[in-house]
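Only one structure is covered here, and it is reproduced in the block below.
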């Protein structure tokens, strides 16, 4: 194109014709298959850029004027008001994609309030100069679409500028949604057939009808699609077909990067960012941006599930959900990641996965600024700020912020352990627990403490261990002020104050505050001792008991008193010892007011008041309040004298033995 025209062109007004390249039949046949695919990809990319930009030009107030410039046989008509070039071509096949872009521009123009230009003999108003020229030719009696080869031209407007609102027919006063609809209506009303082919002199009311007729008249299709074998009149229509095969999504949302096939889908999507909500559920008050989302949501209240899977019988409220579910049975994964080759059954899953490679996190929390790659993760995160826990356990009334947490919690009541270790056959209620357990068999300890070099199989175990070095106890009980290094330990501790004991033993009816305590307790009934010492073969019902026992063999005493330097094999023994230095006696007897440094000492003391003697001798039936007293008594029956005095010797010892 001439440099003068390029300089004069308004930069913000972009047409797809500016970036589209036409091929004749002869030129197309010279291209190799790879070159044709390259042509398709380049044209699709150009179309995506034009469709995404969507620039428009505001009408000016000057009186209308026209300028014409001839460039390589193409008549360029420029209107001063719009600042746009309208191209007048020799007869070509109408381009459906360009027509779609025009309709898109007109649709977007319906949302804008721009001043329109008034021209012509009948003082009608037009938003597009192409429509103005078409209308003028009705007054002049000209045919606007003419397919002859003698140079007669027609105005083909595909400029993506967006002006105006309504299109009104002056003859009948009828309002139509776009200029093409108005033009078609007027030609029908006036009995005008403005599109004529010179070979047969047949006229048509629409350019698309002329184009179809020309293809029938010529009896040949010039361009074929390799994907489906169909033939087309021009490269533009071929490109339209190939867009379908290529799954083109030319409309991109700039804030989050999502892409869509249609402009209407992009407009609906943008309501998410604007916060526009117009459809509210009367049952629960939940609001939705789109009406069809509300209708889908309402099926949850009615419980209707019309779509049933023929493989497993599972029912769904939506057909698309059923289609997605059926891919579980077929194993279909048609969406491949171009970076790592990983395949997915849903395009949405692929989009989410690709954000791992790009690092994109489009969903940002407006409270703390933290960003997420998935919207559902943001929703879950925001519940930390709001404190919302919408998922309630019907058994114990406990609330959860995520449905997955409720499902995991529900297994406590049902006892379900769906995850099995293939090595030892052990079952687990959580998949994460199974993964951690497998490291026992593999011996994998990939997480190493930088302070002491100790290795762990789980990252969270390493994090918990590192608190030993820092001494941090960030989790404090609001009732008693006691601090803990782990949040779950604080939660367990708080049950002491609330008295909550939701876990019941099915054998004896005893209740426990923690599920782990119930599991350990049940070993009393079963007699299970799964933890064996590899030194002496002694078995224990608790893993912690085995660890303490092994220190007898190793001599390890890791817990040292900072006051006197005395060392102990367990932290509980050290805590009890420190009370000697502090004089703390926190456990008080409610009967006599006596204080004790250890809870076990208080329990033994209370038996003095209650007279309880739970330890009974199996030989004579004598009962004792302490197990140590029973053990000492039983030696009288066995004759065992384990402790011999070697301090005395000589005649005195001999005389004592005689006695």
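Glycine is treated like the rest: Cβ placed from N, Cα and C.
Marked as domain 'KRAB' by Swiss-Prot on the basis of sequence analysis: 14-88.
If you look up Swiss-Prot, you'll see 89-111 (among others) marked as zinc finger, on the strength of sequence analysis.
Feature annotation from Swiss-Prot assigns zinc finger to 115-139 (among others). Summed and averaged per residue, pLDDT over the zinc finger (115-139) gives 49.
The annotation zinc finger is assigned in Swiss-Prot to 251-273 (among others) on the grounds of sequence analysis.
Per Swiss-Prot, zinc finger is recorded for 307-329 (among others), and the stated evidence type is sequence analysis. Remote same-chain residues near the zinc finger (307-329) are listed as 296, 299-300, 345-346 (criterion: CB distance under 8 Å, separation of at least six residues from the stretch ends).
Positions annotated as zinc finger by Swiss-Prot: 363-385 (among others).
The zinc finger annotation in Swiss-Prot covers 391-413 (among others). Outside the zinc finger (391-413), and at least 6 residues removed from its termini, the chain residues within Cβ reach (under 8 Å) are 380, 383-384, 429-430, 502-503, 515.
As annotated by Swiss-Prot, zinc finger applies to 419-441 (among others), with the evidence given as sequence analysis. Packing against the zinc finger (419-441) from elsewhere in the chain are residues 408, 411-412, 457-458: each is 6 or more residues past its ends and has a CB under 8 Å from a CB in it.
Positions annotated as zinc finger by Swiss-Prot, on the basis of sequence analysis: 447-469 (among others).
The zinc finger annotation in Swiss-Prot covers 475-497 (among others) and is backed by sequence analysis. Same-chain neighbours of the zinc finger (475-497): 464, 467-468, 513-514, counting only residues six or more beyond its ends whose CB sits under 8 Å from a CB of the stretch.
Through the fold, the zinc finger (559-581) approaches residues 548, 551-552, 597-598 of its own chain, all at least 6 residues removed from its boundaries and within a Cβ separation under 8 Å. Taken from Swiss-Prot, the feature zinc finger covers 559-581 (among others), and the record attributes it to sequence analysis.
Same-chain residues lying 6 or more positions outside the zinc finger (587-609) and placing a CB less than 8 Å from one of its CB atoms are 576, 579-580, 625-626. The feature zinc finger is assigned by Swiss-Prot to 587-609 (among others), with sequence analysis given as support.
Using a Cβ-Cβ cut-off under 8 Å and counting only residues 6 or more beyond its ends in the same chain, the zinc finger (615-637) has close neighbours at 604, 607-608. Swiss-Prot lists 615-637 (among others) with the feature zinc finger.
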